[in-house]
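Student: Residues or ranges marked as active site, nucleophile by TrEMBL: Ser42. Taken from TrEMBL, the feature active site, proton acceptor covers Asp208. According to TrEMBL, the domain 'PNPLA' annotation covers 9-227. Per TrEMBL, the feature motif 'GXGXXG' maps to 13-18. Per TrEMBL, the feature motif 'GXSXG' maps to 40-44.
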Amino acid sequence: MRKKQKIGVVLAGGGAKGAYEVGFIRALSEFGIEPDVIAGTSIGALNGCLYASLKSTQDTYKILKKVWNRLKKESPLKIDKLDSALHLTDLLLLVKNGGSLSSTALSPKNKGIFQTNPVLEILQKNTSIQGIKKGLPFYISMSEANDTLEDVLHLMDLNRFLNLTKVKTHYLKVQEIKDENIYKCILASAALPFLFDAQEIDGKMYRDGCLGVNYDSSANAPVLPLIQQEKCNLIFVCHLDDKVSFVEQYGEFENTKIIEVTPRKDTFTSALDPLRFNQEKIDFWMKRGYQDSKKVLKAFREGKTIEKLGVNKTQEVKETIVKTAIQGLVALIQKNNTKE
């Protein structure tokens, strides 16, 4: 595909589900799509950081495939035993109360149960600050942190029922961030409450960009800076859930065509999928991301109507999903703490 337009690529957040984006990037490569701008949130920010640094879609696919093949053998989710022990009582209370957070207060305000070092090591091994600075324009989203309890409530979409502080989403162009804060901002974009430490940047605490999605639909798939700041007129978005459809919600933005890839309904089936860094899941998600993306890109190239692939509509109550995830975390912490 000849580059006749200013092209953007947006990679959504979703933990281990980010393997799906590797397949998406493989399909972009095969269709000859070379973006001018990249944006990402959470795992999409990590994948996007490599993409922006390498510039080439084909090179990005090759490197990301190697990175994710390592991740399926050695998960980046390393338990911080001290912080996980402090959180365990709170988690058990959540399960006991059916996922209700009203009767518990979460312990250390901005700490998580997983170490951030493994994620930082992936970034440092595959990118450099200067490489990022000289790479494609790259945007991330991150949210101003409240305390852990309130941020978990936002994650559960309970802001609809409770008087919570509105989450403020920040869109940052990485090339404009101070050198010493670049990796911290990318880690902040992936810092889910309870799981990872919030990051302190210039005196403020920040967390995963997805927390603001209830107030800003672009928060977990940051398409807005590519439209408003970069004036892209063709944007390819890789979603990792069905929460947002920019075309459905807004129609086509003026002067911007948005092509969205959304996973089929049987792609992600559990609230614990973001934590499943294992060979079976990662291999399946990379393959599925490639298959879904090829179908969408083929329709786009042929000028056909792009139909949804049967997105992952779940009828489960959100609180039940979160309770299941919490139970899984409890089991994971208990198993880890009994190994020694």
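Any Cβ shown, glycine's included, is placed from N, Cα and C.
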Student: Same chain only, please: residues at least 6 beyond the ends of the motif 'GXSXG' (40-44) with a C-beta under 8 Å from a C-beta of the stretch. Say none if there are none.
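Tutor: 10-18, 21, 138-142, 189-190, 192, 208-210, 219-222, 238, 240.
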Student: Within 10 Å of the Cβ of Ser42 (active site, nucleophile), how many other Cβ atoms can be counted across all chains shown?
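Tutor: For Ser42 (active site, nucleophile), the 10 Å Cβ neighbour count is 32.
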Student: Would you kindly give the Cα-Cα distance separating Ser42 (active site, nucleophile) and Asp208 (active site, proton acceptor), rounded to the nearest Å?
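Tutor: The Cα atom of Asp208 (active site, proton acceptor) is 6 Å away from the Cα atom of Ser42 (active site, nucleophile).
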Student: For the residue listed as 'active site, proton acceptor', just count the other CB atoms lying within 10 A of its CB, please.
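Tutor: 32, counting other Cβ atoms within 10 Å of the residue listed as 'active site, proton acceptor'.
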Student: Let me know the DSSP-derived helix, strand or coil state of Asp208 (active site, proton acceptor), please.
Tutor: strand
